[in-house]
Amino acid sequence: MIITPIITLALGLDIKYAIGASIIAVIATSSGSTIAFLKDDVLNLRVAMFLEIATTIGAIVGAILTGIFHPAILYFLFGSLLIFSSWNMYRKLRSGKEILKRAKPDKWAQKFNLNSSYFDKNLNKQIDYQVENIPGGLSIMFGAGIASGMLGIGSGAFKVMAMDNAMKMPLKPSSATSNLMMGVTAAASASVYFFNGSIKPGIAVPLALGILVGAAIGSRIMQHLPSRVIRMIFIPILLYLGLQMIFKAFGVTI
């Protein structure tokens with residue numbers, strides 16, 4: 001979302017190669033951060049693979065439906081969802097406390113063993129959490145997959161929205177799990193870009209190396225930050241992405 005316009009405008013690179021490089025950058029970001037998150041047992045691997053099924057099916061459906069629905073409708077719909085998600089995050093920020101209480105047991109979460117725990121380095125204690133509203137999370141990810149397939153957009157923001165808002169997971173495991181899922185999704189499409197010649201090693205490799213180091217450092221820093229600070233970072237990002245999609249629905253680019 002950010003890398004493509006930067007290297008296109010700043011370096012004058014053809015959009016075809018910029019998109020290919022950004023795909024590799026996403027994989028590098030995911031790899032660099034996931035290594036740290038796996039080592040510290042922050043991400044929820046079962047939730048990641050569970051939601052990835054819905055995303056993949058949605059992407060296939062979206063690709064099939066391309067041309068049937070007007071893209072502007074989807075841009076407006078998903079833009080509105082992102083703005084609503086940013087508002088929910090703002091409400092949690094205003095409340096001044098992270099939801100750490102045990103959620104109502106979810107039959108799906110218990111059946112597929114999705115409940116987990118992580119050690120919060122900022123609070124310096126073990127946090128046990130239960131995942132809830134599995135159908136809601138799957139629905140959001142299925143819809144995000146459709147949007148990805150029809151519009152060719154990423155769905156990282158929707159992953160965080162599904163886990164943080166719908167499934168009531170703590171923000172740190174939500175972010176860590178989202179990073180892993182973005183890498184899996186990007187890796188699935190990378191082969192297509194590679195074989196059609198869109199990936200230039202001379203551009204993608206140095207970009208990936210720099211991002212790999214940055215992602216590893218960033219993932220370490222994130223674990224020591226209060227959830228409040230992480231929300232303060234996420235809110236403007238979600239708001240910007242939501243507004244960007246709504247404006248794009250009306251043919252305006254920001």
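Numbering starts at 1 and runs along the chain as it is shown here.
Each residue, glycine too, has its Cβ placed from N, Cα and C.
The transmembrane segment annotation in TrEMBL covers 17-38 (among others).
Marked as transmembrane segment by TrEMBL: 45-66 (among others).
The transmembrane segment feature in TrEMBL is assigned to 72-90 (among others). Long-range contacts of the transmembrane segment (72-90) within its own chain (CB-CB distance under 8 A, at least 6 residues past either end) are made by residues 140, 143-144, 146-147, 150-151, 157-158, 160-161, 164-165, 231, 234-236, 238-239, 241-251.
According to TrEMBL, the feature transmembrane segment maps to 138-158 (among others).
According to TrEMBL, the feature transmembrane segment maps to 178-196 (among others).
Annotated transmembrane segment per TrEMBL: 203-223 (among others), in sequence order.
Positions annotated as transmembrane segment by TrEMBL: 229-250 (among others).
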The transmembrane segment (178-196) and the transmembrane segment (17-38) contact flag, 3+ Cβ pairs under 8 angstroms: yes
For the transmembrane segment (17-38), sequence-distant contacts whose Cβ falls under 8 Å of one of its Cβ atoms, 6 or more beyond its ends: 3-4, 7-8, 45, 154, 176, 179-180, 182-184, 186-187, 189-190, 193-194, 198-200, 203-204, 207-209, 211-216, 218-220, 223
